[in-house]
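As recorded in Swiss-Prot:
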BINDING   656, 660  Mg(2+) 2 binding site
BINDING   656, 660  Mg(2+) 1 binding site
MOTIF     656-660  motif 'DEXXE motif'
BINDING   839, 840, 843, 847  Mg(2+) 3 binding site
């Protein structure tokens, strides 16, 4: 099935030898790529030699000149604007200092440097104006470094003064950091992660008081931080100079002047190379060589020296390298004498593990590493609390993520995806009958974990390019292959095994050495900027090839070809008729994983089992309407958004059942009173929200109640009170949802209004049903108002906008201008009108039996004698509304994208994302409409005698 990869074991063994022989006894080693940022700091070091002041690394200055781009920038990154900002700012600073003091570099024309500075500063200004990923990319120390660089630039040239939208957010981050950190804390003996960024503290720190933190000449293995120390400490540190000279020669720059951003990365590379190879299927005998033992000893000694934990280098401890080191020693069978206990004691927090002490926000991949290290231990049950904690954290992070998962240590979403699948695959395999974690997790948690794995696998499959790679990136493609290989082990993904096998076969050619060509675009590991690690990349290539060559499938043809009536129905819709059969089936399989979770909530609001209605088959259908459209459009809204909307969809069906089966009989003689009940309930819940006393308002109804003012309540009185209680639970669920409470006031106001209209429309329809035609109203008026309000579309859309405002928008208003708001409300009205029309097309027969008002009952349709002709006429009107919706959405998108970007804590470009969410909701609405035309999806009332 797969291309035959010869000599893999020999290549892997050769890589182990290369890694083992790279370790310098004093300085360790690093194969991380050169970075402009650190090179610029090295270029700014000057020294007195024989009475003359000289640049210590003149080659580094020349390196900067060689690397400047045509647009004046230095090494911008396609996935991180922060990288370009840092590189360009640091390089401009170096050029400004050199043009003032050329020292021994007299052969470089000052005029040329000045022109380069002008181009560089112009580029920096443009980059700062466009900088919108300061939070998303989350580079180490960015909140400290960029403000410092801008100050340094202004000190060199008073005309430098940048204004940019994200400046306020950056300074807010800076203030929050400084509130938690005192530079004077570095004078103490205990090392701090801030030692990695001393260049951001010039003028705020007495560098003479931090020299005791030097280890083998470096400040926490950072050339830029060490350069700042060497420049500002007195006396001159020969130890620091020796370290930098070693990095200059032994680093990946090899004397060219380029400096890596971190040196050494000894433990990082040793652990990543070995664990990556062994996790993919290489055995100890495959890798056996003298260097293997020496590597294991080096790792074990690192644990001993740093008291049970390690870092990427000595005395730079973190949870990633500690967990990876534990995993490596376990896989080597040499974990005697090391334990997770020190890691847990140092890095465990309330609901996750810290990467390092003082961390601003948690890392997804760090917690993946912790979980993997614990799951591979023979005594894993001893660490069950930590296993549960990290599993919950990762699951919640995946479910909450809008779009692809992100992590601050890597710019490719494929890397954290791979790690999560590796960890969660172990969870699922070890939770099987007879396995050690069989009773460790409840069914709901395992369902959530399964959804994470399934989504990760499917989205990886869907993202593969025609050439077999992922985004044209060799290393990221290896992550994808390893994700698929791990997924292929699970029964959960059995139906997708043919697609997994085909994708891995297609990727095989990319991984062949002849096509393995990394570029700057493969610099996806992040620290202060971004970098590549040559030996780690080589390990991932071999691991992906090994995993592909080892994978065998036992495909059950019955599973892969299985279909059902609903799936066949979906394939007939315009929206899904062009979707490949396997992709459609995959979305059905993903949807099925949500069904048990949805059923857990079916009685949260309404006691549906006590209502005389047919079985709620729609529960099996609802998840697909959201999952299928999400996968089809590749929108990838958050899984939590999907599930919240599934529940709202379920409640939409249940509220229809409730009004028809319970409210209508109870209020048959007093419909006007039901309007009063609706207003009372909605007003009371809104008051609670406004007053922020949720759950504490006197008189709140939470269950079945009776009116205590009635001495001997009648059956009718009890029924009326219970209906009010049910309505209260429904309104509570919607308006007290955590994301609704954190949405902008504009979105909450719209939801309040639409929810009230929705409930009143049900009451109005109760009255209309008694005559099968509302007197004195035209069809046009009715279908755009009461009828449209009666379907759940408008309030569900408002609910979705609240979620988007609270999560992606961080509380921003979804629609910032009057034009945006008008157009989106117009789109919502077209959606609701179209939805009602299509609903009525599908329910003509049921509405006749149950005496429900339907569009075709209006006099305007009386000229058509056949029901089929009436349906066709209504379908043409629905098509007109859809064309209006399409046009309005296009106008809305144009309006949004022309509006200014709002600087806030919102991640990414909120403008483009909110357009995607609105279009996604419109797709789901359109899909429901297409289904309604093909089949009536609602439950039927059970009449007496049936």
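Cβ atoms are placed via backbone N, Cα and C, with glycine included.
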To the nearest whole angstrom, state the Cα distance for the pair residue 847 (Mg(2+) 3 binding site) and residue 660 (Mg(2+) 2 binding site).
11
What's the CA-CA gap between residue 840 (Mg(2+) 3 binding site) and residue 656 (Mg(2+) 2 binding site) in angstrom, rounded?
14
If I take the alpha carbons of residue 843 (Mg(2+) 3 binding site) and residue 656 (Mg(2+) 2 binding site), what is the distance between them in whole Å?
13
Separation of alpha carbons, residue 839 (Mg(2+) 3 binding site) and residue 656 (Mg(2+) 2 binding site) (Å):
13
Mind giving me a neighbour count for residue 839 (Mg(2+) 3 binding site)? Other Cβ atoms within 10 Å of its Cβ, every protein chain shown.
25
Between residue 660 (Mg(2+) 2 binding site) and residue 839 (Mg(2+) 3 binding site), what C-alpha distance do you get in Å?
16
Candidate with sparsest Cβ neighbourhood (10 Å radius) among 656, 660, 840, the listed binding-site residues:
656
Would you mind checking how many other C-beta atoms are within 10 angstroms of the C-beta on residue 847 (Mg(2+) 3 binding site)?
21
Per-state residue totals over the motif 'DEXXE motif' (656-660) - DSSP helix, strand, coil:
5 helix, 0 strand, 0 coil
For the motif 'DEXXE motif' (656-660), what's the mean pLDDT in this predicted model?
91
According to DSSP, does residue 847 (Mg(2+) 3 binding site) fall in a helix, a strand, or coil?
helix
